[in-house]
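Below: one structure, written as structure tokens.
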Amino acid sequence: MAKVLVLYYSAYGHIEKMAEAVAEGAREAGAEVDIKRVPELVPLEIAQKSHFKLDQAAPVATIADLEHYDAIIVGTGTRFGRMSSQMANFLDQAGGLWMRGALNGKVGAAFTSTATQHGGQEVTLFSIITNLLHFGLVIVGLDYGFAGQGRLDEITGGSPYGATTIAASDGSRQPSETELAGARYQGRRVAEVAGKLKG
């Protein structure tokens with residue numbers, strides 16, 4: 001059985017919901033799954049004034065956690081066309097793991113959210129995937145076996161590079177069922193690939 005870590009940062013809860021769906025999909029494929037979040041860098045007073053979702057149940061991850069999993073699925077909201085500074089800060093601290101090759105051969109994947117349909121989803125996914133490739137992970141995207149990729153009857157996230165959601169400029173839009181289904185699909189695929197690589 002593959003061990004999968006869903007590692008995320010979510011300021012307003014959209015990525016938290018996507019992380020739960022990713023984890024659900026991985027569990028459906030028989031994986032043992034943990035959901036963890038990276039530390040918040042925004043001072044508490046500012047986070048409260050900005051209405052950040054501060055009641056997230058997932059425990060905070062440590063760098064040492066990463067090498068204990070067969071797969072790591074990373075999710076974060078987009079910040080001006082790149083991953084959030086919270087996630088970048090966390091991954092930047094994993095240089096020791098990189099130096100030892102501790103993550104080589106593990107499976108990696110990425111998911112994200114943006115405020116708008118063309119708000120930088122794919123470039124954000126690439127900013128995550130680039131990091132994972134440097135760490136030696138084998139990348140799994142959201143392949144076209146997921147039928148929701150081809151929908152034209154609704155505005156929806158999703159890319160061959162990873163599951164995505166659109167939150168709206170004011171954060172009022174929650175992940176749609178199609179977007180959550182894409183996240184579950186990607187979680188399943190990662191768990192399946194990790195299981196095969198683990199043997």
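Glycine residues also receive a Cβ, built from the backbone N, Cα and C atoms like all the rest.
The domain 'Flavodoxin-like' feature in Swiss-Prot is assigned to 4-190.
Look at Swiss-Prot and you will find 10-15, 78-80, 113-119, H134 tagged as FMN binding site, backed by sequence analysis. For the recorded site, T116 (FMN binding site), the DSSP three-state label reads coil.
Packing around Y12 (NAD(+) binding site) is summarised by its Cβ count: 17 other Cβ atoms lie within 10 angstroms of its Cβ, all protein chains included. According to DSSP, Y12 (NAD(+) binding site) is assigned to coil rather than to any helix or strand. If you look up Swiss-Prot, you'll see Y12 marked as NAD(+) binding site, on the strength of sequence analysis.
Positions annotated as substrate binding site by Swiss-Prot, on the basis of sequence analysis: W98. W98 (substrate binding site) is surrounded by 15 other CB atoms, counting those within 10 A of its CB over all protein chains shown. In the three-state DSSP assignment, the secondary structure recorded for W98 (substrate binding site) is helix.
Of all the binding-site residues listed (S10, S113), S113 sits in the most crowded Cβ setting, with the most other Cβ atoms within 10 Å.
Set side by side, the binding-site residues T78, T116 differ in how many other CB atoms lie within 10 angstroms of their CB, and the most is found at T78. Taking only the Cα positions, the spacing between T78 (FMN binding site) and Y12 (NAD(+) binding site) is 12 angstrom. Counting only the Cα atoms, the space from T116 (FMN binding site) to Y12 (NAD(+) binding site) is about 15 angstrom. The number of other CB atoms found within 10 A of the CB of G13 (FMN binding site), across every protein chain shown, is 17.
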